[in-house]
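Asker: Below is the structure I would like to discuss, written out as structure tokens.
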Amino acid sequence: MTEFGLQAPFSPTGDQPSAIAQLVASIEGGNRYQTLLGATGTGKTFSIAAVIEKIGRPTLVLAHNKTLAAQLCNELREFFPNNAVEYFVSYYDYYQPEAYIPVTDTYIEKTAAINDEIDMLRHSATRSLFERRDVIVVASISCIYGLGIPAEYLKAAIPLQIGMEVNQREILRDLASVQYSRNDVEMGRGRFRVRGDVLEIGPAYEDRIIRVEFFGDEIDAIRYIDPVTGEIINSLQAVNIYPARHFVTPEERLEVACEDIAYELKQRKAELEETGKLVEAQRIDQRTRYDLEMLREVGYCNGVENYSRHLAGRQAGEPPESLIDYFPKDWLLVIDESHVTVPQIRGMYNGDQARKKVLIEHGFRLPSAADNRPLKAEEFWQKVNQCIFVSATPGNWELEISENRIVEQVIRPTGVIDPEISVRPTEGQIDDLLGEIKDRIDLHERVLITTLTKRMAEDLTEYLQEHGVKVRYLHSEINSIQRIEILQDLRQGSFDVLVGVNLLREGLDLPEVSLVAIMDADKEGFLRAERSLIQTIGRAARHIRGQAILYADNMTDSMIKAIEETDRRRGIQVAYNKLHGITPQPIVKKSSNAILSFLEVSRRLNATDLKVVEEHIDELPLEEIPNLIDKLEAQMKEASKKLEFEEAAKLRDRIKQLRDKLVGR
């Protein structure tokens, strides 16, 4: 059995060894919940990696958005180059859920664009969980949504090994039954082709091709093939071909499901007719009968997920199977930035049910559609074996449930101490701030400014520009790729000051920032709560001259607590440095690390976004262009079908640009 092998150019220092030892002891002692309360820049990810190595169990790392999930995945892949570090996030490039607006009698059909590469990464994650134990899956909150039954998925896998006697036609039938399609012209994920005694399969979980060579009815060779060059990568003794989709329904189960759906329809129709809702009764009858016809004929229909309760054989109200059910019983959960992620877990179910309730009431869906849902918070926690909450500012619930198992990590390996905090009056604050900014610019350092409103951020940005400051404004309308590029430009010195509202808190690794200015710090609320203030102040905690200025005329409870906590940590850090003779050292970190790595991932995952293609066409790797052209051509044809000719023309122009780039014009 392969074990985790942590590889890092440094060893645990400061209070990392103590934190690692305490967490390992707590988990091995059978404790269910523990918290790593780690200050910004103390190497929390490295400590967690060391714990994972020592515990040696399959681990789910949960982040609250795709950006942080990708950063964590990149870091953990560097720490564990020889282990399976997987990425599991929502595979939608675009998603408009099905909805009904009664006031205007408007029905909005579900529309979605699935990202093929993310789908492959999701399949890769579940495959790794079936085949090995040295697995870390970094996921977003989408992992609590239904994912098909693990037992059925595993049961449907097709085992192949050298020397196995099997008729080639049987394998072709099996492949078709697990959603692979035959295409003898063009290979790809979820496809297979036959050339005489050679069968080639494009697995759903990777971009290599599996070639199976037959000698009569016996498997003679199994090889991995490069999909572009056709060269043999390596030979295999055996391989499992997992289904092309996570939702696998055996034929016998499908028959029973159709009967159950028909019975529910009969009951629901009668119920609606009894209450005088004749339009709704006719609507549900017509829509469900059409779906049943499709299910019986082809085993699939649009919105099939709404029948997942029947297809999986679950009882009403039972939780759906999710990614968590693919883990073994002794799995470990790590929740990053838990003060944000834990409330997300609580909120997903309620938002989903509110939309479904309207669809059910107006005859668009059967009541069982409500069971196609994310896990409720209590269902999620029931499935958790053991958990580590990770945050610089854990929520009250995490601290309470962890009891006395709160492990503090305050010392930075670099010896850098928490920022010095000063509170200044609002009168003359802009001129005061301008002077501070100019001092930082002279030292080639960066500044973050956080305001309470979008209007103030815009006005402040304009004022600073008028005074010759190179400044950018980060607002909510900027997409994740542009956001990462702006942060990248800040680190590289393309500009010196970044102004924002609520976009400067968790997960920003910006060692060049020496000053954080918080405007209206005394305006109590979510953006100026104790945890938000500590997180924002922490953005300057990676710089040896880190400072935070709070502009306020009154001292709020949140300000007092945030300042006291920061001063407490500073005291511990200063004492440690003095005791060990440590001189704080600046963090030397290439700007191409986590942020740039994610930027590259993002471009690949979102390359079918026209704006992204246009902005980055010169930077696209040549090997990715053919695949991108295929995707854009499919979008162009779809746009033409919908009579969206302007959109189709834009896509055509982008395709021409890409083809010109490919031939070197």
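In case you wondered, yes, glycine gets a Cβ from its N, Cα and C as well.
Note that the structure is predicted; figures quoted are calculated from it, not measured.
Pasting the relevant annotations from Swiss-Prot:
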type	residues	note
DOMAIN	25-412	domain 'Helicase ATP-binding'
BINDING	Gly38, Ala39, Thr40, Gly41, Thr42, Gly43, Lys44, Thr45	ATP binding site
MOTIF	91-114	motif 'Beta-hairpin'
DOMAIN	429-583	domain 'Helicase C-terminal'
DOMAIN	626-661	domain 'UVR'
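Help me understand the surroundings of these features in the structure.
Answerer: Note: Thr42 (ATP binding site) has non-local neighbours Gly14, Asp15, Gln16, Gln409, Val410, Ile411, Arg412, Pro413, i.e. same-chain residues 6+ apart with C-beta under 8 A of its own C-beta. In this structure, Thr42 (ATP binding site) belongs to neither helix nor strand by DSSP; it is coil.
The average per-residue pLDDT of the prediction over the domain 'Helicase C-terminal' (429-583) is 89, rounded to a whole number.
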Asker: Would you mind listing, in sequence order, the residues at least six apart from Gly43 (ATP binding site) in the same chain with a Cβ closer than 8 Å to its Cβ?
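Answerer: Gly14, Gln16, Gln409, Arg412, Pro413 - these are the non-local Cβ neighbours of Gly43 (ATP binding site), listed in sequence order.
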Asker: Around the ATP site formed by Gly38, Ala39, Thr40, Gly41, Thr42, Gly43, Lys44, Thr45, list the extra residues of the same chain whose Cβ is within 8 Å of the site's Cβ centroid.
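Answerer: My list of surrounding residues reads Ser47, Ala392, Gln409, Arg412.
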Asker: If one looks at the chain holding Thr45 (ATP binding site), which residues at least 6 apart in sequence have a CB under 8 angstroms from its CB?
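Answerer: Within the chain, Thr45 (ATP binding site) has Cβ neighbours under 8 Å at Leu72, Glu75, Leu76, Phe79.
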Asker: Including all protein chains displayed, how many Cβ atoms other than that of Ala39 (ATP binding site) lie within 10 Å of its Cβ?
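Answerer: That number is 25.
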